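*Asks:* According to TrEMBL, the feature active site maps to His438, Asp489, Glu498. Annotation source TrEMBL lists domain 'Glycoside hydrolase family 9' at 57-511. The signal peptide annotation in TrEMBL covers 1-22.
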Amino acid sequence: MGANSRSTLLTLVLLAVSLCMAFDLSSASRDNFQYYSSIKKPAEGDDQVVASTTFNYAEALEKSILFYEAQRSGKLPSNQRLTYRGDSALSDGSSDNVDLVGGYYDAGDNIKFGFPMAFTTTMLSWSVIEFGSLMPKEIHNARAAVRWGADYLLKAATAKADTLYVQVGEPNADHRCWERPEDMDTPRPVYKVTKQNPGSDVAAETAAALAAASIVFRVSDPSYSAKLLQVATQVFEFADTYRGAYSDSLNSVVCPFYCSYSGYKDELLWGASWLHLATHNASYLSYIISNGHSMEPGVGDGVLSWDDKAIGTKILLAQGFLHGKINELQPFKEYSDNYICYLIPGTPNFQAQYTPGGLLFKRGWSNLQYVSTTSFLLLTYAKYINANGGKISCGTKTVTSADLVSMAKKQVDYILGENPGNMSYMVGFGSKYPQHVHHRGSSVPSVRSHPDPISCNSGFQYLYTSSPNPNILEGALVGGPDSNDNYADERNRYEQSEPATYINAPFVGALAFFAAGH
């Protein structure tokens, strides 16, 4: 990003981080032990009773991380486990004389959208930060998934001064083709935000992702962690100094796919919150306190998503009050309590909608993204409030950390198969799962089985065939059922059958919790 006014401060920050190992994952493990050992199951007759079904959560966890190997762009490593995928998009960035090879395809297409990719990296990192100690067999793969995204975001943020590359590929051309990533012959232009054409939303989310990833690697790779944090501070300053929504200047290529509907203020507060957590620097706390009320501190839309970070920020900042005893952050604990009450039937603030089968329902398009983030937030906030008595008040109703765990388990179990359709919405998990997933790499024969190129138009035969996908997209969460628990296993019903990286990311943390037997 070039020089900035915090260069001297950055040196002090990095020094402070090196001395601040009290917040590394080993101390998080100690906190986790105290938290997990203190949770009690609700008594029989309580409103929130832990669901009876027990799935193989360890298997689901492994598959949920494996999914990210299917989404990889670039040169694949020698230890690639999903072998139906091959190298792809090896010239990305060349049109602007930069290296943008790598990163993730966001969903079932072949575009690299920076906004959801950064959010995915943030949420994968948060999953590891909170629950990494509970996934000893998968922590290496989880870190690898974080790193694949973080490596790309580093490239996007440092390729040129005062520039952040935010997308590779022309989405309208891409969506007129149905071809596997290895055969792509659609245009691969690059898109960026600059001082003149700002993108505070995507830049601040990128800063959040890099800051969160820096915590993940603080112990296992300190030099990489320091690099991530250094770039995160620079990208955040860029986002804050040159304000504007990226979809204002890039509307034709990011809308309606990943338009910044909620604006950019939520990302600025989210980015500052992650930088505060990563650095413990007072300047970010001052920023949060000064700007928190002007950056939509209410419940907002009631969900955490790639576009709306409001409730995620509140939960994250509530930790600063509950664990860090930072009194100035107490209002965010109150906002977080209100959010929990918003979710729970029978409370004065209850507003959430559930399907007849009990699934949280927000929207008909890719609804499981909201279920996975909500499940993660419930478990994370249960962990946080345990340091403050383990309960909150929703009017006259008392809600405990165990209640939140029970609510999260019901959502997780619904996704894994305890639902009216007895359908697992994780591909490759259980005996009944989606067979016709809206995903090019999964639905088109692999380069291993069909070495000859399959052209743009020829590929549509695989979109419209009634045959199951030839390549199982292990671990992918699809968009999910409708408001009446109905699911159409049809490739062209992309609202229900398309997976996405940001659906899985928070689910990794939730599965780690239950895989550990809690």
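Every residue, even glycine, has its Cβ placed from backbone N, Cα and C.
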*Asks:* If you skip the near sequence neighbours and keep only those at least six away, which residues in the chain come within under 8 angstroms of Glu498 (active site), Cβ to Cβ?
*Replies:* Ala107, Gly108, Ser366, Val437, His438, His439, Val478, Gly479
*Asks:* Which number gives the other C-beta atoms within 10 angstroms of the C-beta of Asp489 (active site), all protein chains shown included?
*Replies:* 17
*Asks:* Once the chains shown are all counted, how many other Cβ atoms turn up within 10 Å of the Cβ of His438 (active site)?
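*Replies:* Other Cβ atoms within 10 Å of His438 (active site): 24.
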*Asks:* For the domain 'Glycoside hydrolase family 9' (57-511), provide the mean pLDDT of the predicted model.
*Replies:* 96
